[in-house]
Amino acid sequence: MARIKSRVRRFFSLLLPLLFISAVHAEQTPVPAKTVTVEAKNETFAPQHPDQYLSWKATSEQSAREDALAEDPRLVILWAGYPFSRDYNKPRGHAYAVTDVRETLRTGAPKTAEDGPLPMACWSCKSPDVARLIQKDGEDGYFHGKWARGGPEIVNNLGCADCHNTASPDFAKGKPELTLSRPYAERAMEAIGKPFEKAGRFDQQSMVCGQCHVEYYFDGKNKAVKFPWDEGMKVENMEKYYDTIAFSDWTNSLSKTPMLKAQHPEYETWSAGIHGKNNVTCIDCHMPKVQNAEGKIYTDHKIGNPFDNFAQTCANCHTQDKASLQKVVAERKQAIHDLKIKVEDQLVHAHFEAKAAWDAGATEAEMKPILEDIRHAQWRWDLSIASHGIHMHAPEEGLRMLGSAMDKAADARTKLVRLLATKGITHEIPLPDISTKEKAQAAIGLNMQQINAEKQDFIKTVIPQWEDQARKNGLLSQ
């Protein structure tokens, strides 16, 4: 009996510490925090961050619409068969992000949520409502369906919650609390060895901008956004990636080339330039520290040309005066522009010559190497010019890409001359009159009168319905 009692005492002496340890661990197990819904209404944060909010709102002063197709009608031919041949304006202030994607001819004139030419992904860089919807529905739920489905939901312009963890207590105290609000951007940064949470402050500043100012494509049946960085960020790396997966954005309606359309690869080109290599960030140049009327320092959210705040941007590093640096930048911009036009002339001829070859009975086997050259030439040209600030970010890389594009275009045209000769065509292939945007659009068969009329009807009838629905659902301030 004594032996039994001894064993019982020993059992409890071993059991009690384990129960105590388990209890301690149970007490220390954190309770999962309730997810705070992303607040997309930018004015919500004006009381906490008045200077930042007012300077962000001032991006509405950057209101001019510059028609890139009217300035350079060659673009219409290069993008024949793609919505960019209808309408392409140069970028303006963030305050117009939603307005511009609604009103561009590229998004069509959908009548219902299931109508229209483009997918939901086309909203992805336009609004903090995107982060809200991804949080609410998941990425698959957000990307599913047509662009028009997002009309009543995506209504607030690019703003606070796109770049900041606005639910953080530290954000309420005035700290930036940067975040990647797009999960696909976070995965892309990890793919190039830059996980956001492990990145330093300066890297994070540029990575936040790099959520949108990047090259991307629409992947899979759901047309989800993906950055083509699996092989690297240079133009040849991305080209290899796209070729490997046999991806094309569209087929040029003249040459029948499976084409790639570059978007706005500022993060890639900045990374390749002198500023990126020395970790001079987007913020340093485009969002400098400035003083308010009371002498308080804050980050200027009126994102724009560094020369507009020369003393707070360029002069922090450069000893030259403003006029001297402006001259250097202007010369680089002109050099890139001149080579850009030469490449475009070659590509325009190549597209029409390829059409002539098809019309003369060329086979797919005969055309394959030619179309590959056209594809690669235009991709390299497009990646260089789609980054509007490449003359500042990476002028040497811009010229290198354009030089490579020129070589590829010349290769395509040399092969076309030989192929056309075998079809009995030895004369120069004439070009239609493409001296204006309107003439170029007519040359590729666009009925711009109908396209514009349909869009105007959409703007007058559908957009007001979207906004009314958004207000009823509390997504827009009254």
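Even glycines carry a Cβ here, placed using N, Cα and C.
Quick look at what TrEMBL annotates:
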type    : residues               : note
SIGNAL  : 1-26                   : signal peptide
BINDING : H94, C209, C212, H213  : heme c 3 binding site
BINDING : C122, C125, K126       : heme c 1 binding site
BINDING : C160, C163, H164, H301 : heme c 2 binding site
BINDING : E215, Y216, K261, Q263 : Ca(2+) binding site
BINDING : Y216, H264             : substrate binding site
*Which residues, in sequence order, are found in the same chain with Cβ within 8 Å of the centroid defined by the Cβ atoms of E215, Y216, K261, Q263 at the Ca(2+) site, excluding those residues themselves?*
V214, Y217, A262, H264, P265, A386
*Cα-nearest neighbour of C163 (heme c 2 binding site) within the listed binding-site residues, C122, C209, E215, Q263*: C209
_Proximal residue to C160 (heme c 2 binding site) among binding-site residues H94, H213, H264 (C-alpha distance)_ = H94
_Checking the contact step here: among the binding-site residues H164, C212, H213, K261, which have a Cα within 10 Å of the Cα of C125 (heme c 1 binding site)?_
C212, H213
*Quick one: among the binding-site residues C122, C160, C209, which has the most Cβ atoms sitting within 10 Å of its own Cβ?*
C160
*Cα-nearest neighbour of C212 (heme c 3 binding site) within the listed binding-site residues, K261, Q263, H301*: Q263
*Whole-number Å only: compute the distance from the Cα of H301 (heme c 2 binding site) to the Cα of C209 (heme c 3 binding site).*
12
*asked:* Cβ within 8 Å of the heme c 3 site centroid (H94, C209, C212, H213 excluded): which residues?
replied: C125, L158, G210, Q211, E266, C282, I303
*Which of the binding-site residues H94, C122, K126, H164, C209 has its Cα nearest to the Cα of Y216 (Ca(2+) binding site)?*
C122
*May I ask for the distance between H164 (heme c 2 binding site) and C209 (heme c 3 binding site), taken between their Cα atoms and rounded to an integer number of Å?*
11
*So which one is it: of the binding-site residues C125, C163, which has the fewest other Cβ atoms within 10 Å?*
C125
